[in-house]
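**Student:** Okay, so TrEMBL annotates it like this:
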type	residues	note
ACT_SITE	121	active site, proton donor
BINDING	22, 23	phosphoenolpyruvate binding site
BINDING	97, 320, 342	UDP-N-acetyl-alpha-D-glucosamine binding site
DOMAIN	7-421	domain 'Enolpyruvate transferase'
Ligand SMILES: CC(=O)N[C@H]1[C@@H](OP(=O)(O)OP(=O)(O)OC[C@H]2O[C@@H](n3ccc(=O)[nH]c3=O)[C@H](O)[C@@H]2O)O[C@H](CO)[C@@H](O)[C@@H]1O
Ligand SMILES: C=C(OP(=O)(O)O)C(=O)O
């Protein structure tokens with residue numbers, strides 16, 4: 001179990017380039033299974049979850065060529081379907097959440113897709129109904145083995161249809177889209193997730209020859225095609241990383257420039273941080289966070305009542321940034337209610353922040369009230385364990401702002417989604433060491 005030692009209380013300065021987006025990468029990598037032709041992908045983040053998926057694709061028989069540290073070429077022209085029945089696959093598939101998205105492409109192109117219950121963050125129930133209900137609507141037969149939590153879908157030929165998703169599941173929509181592009185006839189997916197990463201997937205598939213209309217909306221209309229070809233694709237910067245660096249800058253009273261953020265794809269993210277009183281300046285395609293010497297003040301609602309920040313499917317605020325919002329609020333002037341609607345076990349990490357001296361009341365598993373210190377009192381260094389990827393980074397931000405040396409254990413959780421985080425933070429002046 002890896003550990004970070006962090007000496008807090010140092011101001012940071014400089015610029016930081018966000019990595020390619022983790023959650024886009026997981027979709028895009030699965031899409032290479034849809035064609036026997038070569039697909040080149042750029043700006044792939046070098047992080048544990050993505051590397052696990054690349055290794056899984058390799059075992060499936062995909063030819064993989066590393067072109068540069070963050071670019072790869074993939075060619076799925078000789079797929080080894082026997083791997084899907086192996087004990088090894090049952091272990092590999094469990095290793096991350098994104099592996100679920102190999103099912104749609106395999107089902108569409110080879111008539112069968114299997115997956116053990118996927119891994120990922122332990123942040124509450126993470127059901128897969130949307131995925132499989134979609135495949136069943138397209139005509140697939142579904143089976144599930146309760147003993148080993150193994151899912152399977154099979155079909156000779158998928159048939160396009162109309163479907164109204166029960167919820168706008170991100171990976172669910174991606175999975176169904178990747179199945180429907182090779183189905184016979186037209187598929188309409190209503191209540192589709194429509195975040196930028198899904199738009200990127202749809203644009204990539206269209207470049208490969210798919211016919212997907214409505215991209216960016218919650219109604220996708222897909223005319224199935226016989227086959228898809230190769231393409232080149234470049235991942236967007238990771239918006240969750242971008243939000244993490246905004247929070248880091250404010251809480252450590254540092255001046256930071258976050259470069260090449262693809263501002264137009266950030267949705268409400270900059271504004272939500274502004275509601276906490278943080279100055280988020282647009283400079284071309286960069287974000288500049290000036291030094292918050294006098295702290296930052298949480299806005300109230302127009303009627304004077306306490307601000308609530310909650311998550312919602314895109315274009316709402318992403319749940320993955322609520323843990324960051326929560327930690328940044330601990331040093332704001334004022335109070336905020338953080339309401340995590342999607343996941344029921346994602347706020348428990350606040351106990352660690354309370355240990356560090358933060359004023360937080362966990363109202364119930366979904367809601368926490370934060371009363372900011374306005375830097376009148378600094379958080380105290382402590383030893384903690386990272387429970388999930390975003391809580392891990394939130395604790396890291398807390399440690400960088402705290403007095404003294406903190407220890408964060410189980411940093412594999414952070415490495416799942418943040419590339420070389422210690423090296424990049426040291427480059428802007430953070431005192432952080434990786435201890436094995
Ligand atoms: C690999 C990947 O891409 N992971 C992301 C993906 O996970 P993932 O695709 O697994 O998440 P889903 O979008 O399926 O749903 C997440 C949770 O939110 C609930 N839900 C979802 C939609 C909805 O309209 N109402 C609702 O309550 C679901 O019941 C579920 O518990 O999307 C999540 C939601 O943005 C992010 O937190 C994850 O980082
Ligand atoms: C919840 C997350 O990831 P995953 O879906 O891969 O567990 C996340 O990226 O915050």
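Here the Cβ of each residue, glycine as well, is placed from N, Cα and C on the backbone.
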**Student:** Please report the number of other Cβ atoms within 10 Å of the Cβ of residue 97 (UDP-N-acetyl-alpha-D-glucosamine binding site).
**Tutor:** 17
**Student:** Give the sequence-ordered set of same-chain residues, not counting 97, 320, 342, with Cβ within 8 Å of the centre of the Cβ atoms defining the UDP-N-acetyl-alpha-D-glucosamine site.
**Tutor:** 120, 121, 123, 126, 170, 319, 343
**Student:** Count the other Cβ atoms sitting within 10 Å of the Cβ of residue 22 (phosphoenolpyruvate binding site), across every protein chain shown.
**Tutor:** 26
**Student:** Look up residue 342 (UDP-N-acetyl-alpha-D-glucosamine binding site) in the DSSP assignment and reduce it to helix, strand or coil.
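**Tutor:** In the DSSP reduction, residue 342 (UDP-N-acetyl-alpha-D-glucosamine binding site) maps to coil.
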**Student:** If you measure from the CA of residue 121 (active site, proton donor) out to 10 Å, which binding-site residues from the list 22, 23, 97, 320, 342 are inside that radius?
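**Tutor:** Close binding-site residues: 97.
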**Student:** Could you round the CA separation between residue 23 (phosphoenolpyruvate binding site) and residue 97 (UDP-N-acetyl-alpha-D-glucosamine binding site) to a whole angstrom and send it over?
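**Tutor:** About 10 Å separate the Cα atoms of these two residues.
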**Student:** Hey, of the recorded positions listed (23, 121), which one tops the CB count within 10 A?
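**Tutor:** It comes out as 23.
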**Student:** Among all protein chains shown, how many Cβ atoms are found within 10 Å of the Cβ of residue 342 (UDP-N-acetyl-alpha-D-glucosamine binding site), not counting that one?
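**Tutor:** For residue 342 (UDP-N-acetyl-alpha-D-glucosamine binding site), the 10 Å Cβ neighbour count is 19.
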**Student:** Assuming the binding residues for UDP-N-acetyl-alpha-D-glucosamine are exactly those in the record, 97, 320, 342, what is the maximum CA-CA distance in angstrom, rounded?
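**Tutor:** Overall maximum Cα spacing for these binding residues reaches 16 Å.
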